[in-house]
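J.: The structure that follows is given in the form of structure tokens.
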Amino acid sequence: MDLLIENARLVSMERGEAGYLPTPPARVGIQAGKIAAISAHPVGRDTPQIEALLSPQHYSQTIDLQGQLLTPGLIDCHTHLIYAGNRANEFEMRLNGVPYQEIAKQGGGILSSVKATRAATEEQLIELALPRLDGLLASGVTSVEVKSGYGLTLKDELKMLRAAKALEQERNVKITTTLLAAHALPPEFEGRADDYIEHVCQEIIPIVAEENLATSVDVFCESIGFNLEQTEKVFATAKLYGLHVKGHTEQLSNLGGTELTARYKGLSADHIEYLDEDGVVALSKSDTVATLLPGAFYFLRETQLPPIELLRKYHVPMAIATDVNPGTSPFSDLTLMMNMACTLFRLTPQEALRGVTQHAATALGYTNSRGVIKTGFDADLAIWDIEHPADLSYQVGAKRLVGRIVNGEYVSHGGF
């Protein structure tokens, strides 16, 4: 798709403060799904080379944004979008004072979703996921990470990953899949966590890698999940098969999972409410992103805040994601998460936008192809009818998305 965008106030997110401030009316040329040229100068006032690249004769479609805001497409770098079942009853239990850990010990929580997901077909899982995905797309999302983890058998984990990848055929969006077989201990392995981890490493990871069903492997490293030794075994196996690693770490306690994730050069360590300074230092010495999940923090009514000031002090990149899931974050709006990150965690609007663009791209391994508006990068963009990028964090509920561009293809969300 060849597309020329004119009169866009560009928020590139490329270079610090400058990349956050909207440019004067700019032009962006898109060819073969990539950004071919950018100019913030009036027509005829840029270099001859840039003017030639942006000549309308090279493009089959032109869109005049008339001063509307153009940002990178938003990236949701942590979701559990594929699942069956309903856990609204647990919401009431928590409101009555039953803690999440106790619900899980009673066989609720993740395992109730496991039962429903195992009973669903791949086609049913796709249909159930589409409304959730549509909510994300309506908030400007162009890339979504989707985890497995509600199957916990080889057959059902593969089913979930195939359903996730199939979403690309249903909607104009990029899907990245992550194996999260080490999400919870399935009933068949009750009391035998080491045996289950052996099963994950010997039976599930090799098939997932062979069939190219995931690019990363994640582990729920927590007191009600898997310990450090078990997590490390999964990480080591994933690396052996050429897969990236990610961690659900320090959500409910400090086990050192974040430091382990950083040691294995993980793409991201997610949740991190109980992360201490040693863990932050470990992140700062790696390329591992700290992913904040304010939806789960809010929904669980947690009080332990992630160490935002330490993350700033040590210059650790912070991503933000929805954590869409049936038990602890049933939210499908990434701009709502931006607002929560600002109001609950005290991020700035600039940090929030960078957290769902540049840093979210890094958390998925796309540092050099997504998350900023830059020549040579993927043409994944969002068009907004707003005055300033801070409005994305400030306003909640107002319909502000005009359209999305994915791989250079324009999709209207009420504009043009």
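Every residue gets a Cβ built from N, Cα and C, even glycine.
According to Swiss-Prot, the protein has these features:
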BINDING   H78, H80, H248, D323  Fe(3+) binding site
BINDING   H78, H80, H248, D323  Zn(2+) binding site
BINDING   R87, Y150, H183, Q251, T328  4-imidazolone-5-propanoate binding site
BINDING   Y150, N325, G327  N-formimidoyl-L-glutamate binding site
J.: Determine, from DSSP, whether N325 (N-formimidoyl-L-glutamate binding site) sits in helix, strand or coil.
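T.: In three-state terms, N325 (N-formimidoyl-L-glutamate binding site) counts as strand.
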J.: Please work out the number of neighbouring Cβ atoms within 10 Å of the Cβ of R87 (4-imidazolone-5-propanoate binding site), leaving out its own Cβ.
T.: 20
J.: Taking only the residues the record lists as binding N-formimidoyl-L-glutamate, namely Y150, N325, G327, what is the largest Cα to Cα distance between any two of them, in Å to the nearest whole number?
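T.: Of all Cα pairs among the recorded N-formimidoyl-L-glutamate binders, the widest measures 12 Å.
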J.: Starting from N325 (N-formimidoyl-L-glutamate binding site), work out which of the binding-site residues listed here (H80, H183, H248, Q251) have their Cα within 10 Å, and give them in sequence order.
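T.: Matched binding-site residues: H80, sequence order.
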J.: Listed binding-site residues are H78, H80, D323, G327; which of them have CA atoms within 10 A of the CA of H183 (4-imidazolone-5-propanoate binding site)?
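T.: Near H183 (4-imidazolone-5-propanoate binding site) by Cα: none of them.
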J.: Please report the DSSP secondary structure of H248 (Fe(3+) binding site), reduced to three states.
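T.: Assignment for H248 (Fe(3+) binding site) reads strand.
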J.: How many other Cβ atoms sit within 10 Å of the Cβ of N325 (N-formimidoyl-L-glutamate binding site)?
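T.: Excluding its own Cβ, the number within 10 Å is 26.
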J.: With every protein chain in view, how many other Cβ atoms are within 10 Å of the Cβ of Q251 (4-imidazolone-5-propanoate binding site)?
T.: 29
J.: Can you tell me which binding-site residues out of H80, H248, D323, G327 are within 10 A of Y150 (4-imidazolone-5-propanoate binding site) by Cα, answering none if there aren't any?
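T.: Those close enough are H80.
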J.: So among H78, R87, Q251, all listed as binding-site residues, which is physically nearest to G327 (N-formimidoyl-L-glutamate binding site)? Use the C-alpha atoms.
T.: R87
J.: Within 8 Å of the Cβ centre of Y150, N325, G327, which other residues of the chain have their Cβ, at the recorded N-formimidoyl-L-glutamate site?
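T.: Checked against the 8 Å cutoff, the neighbours are H80, Y83, R87, G109, I110, S113, G149, P326, T328.
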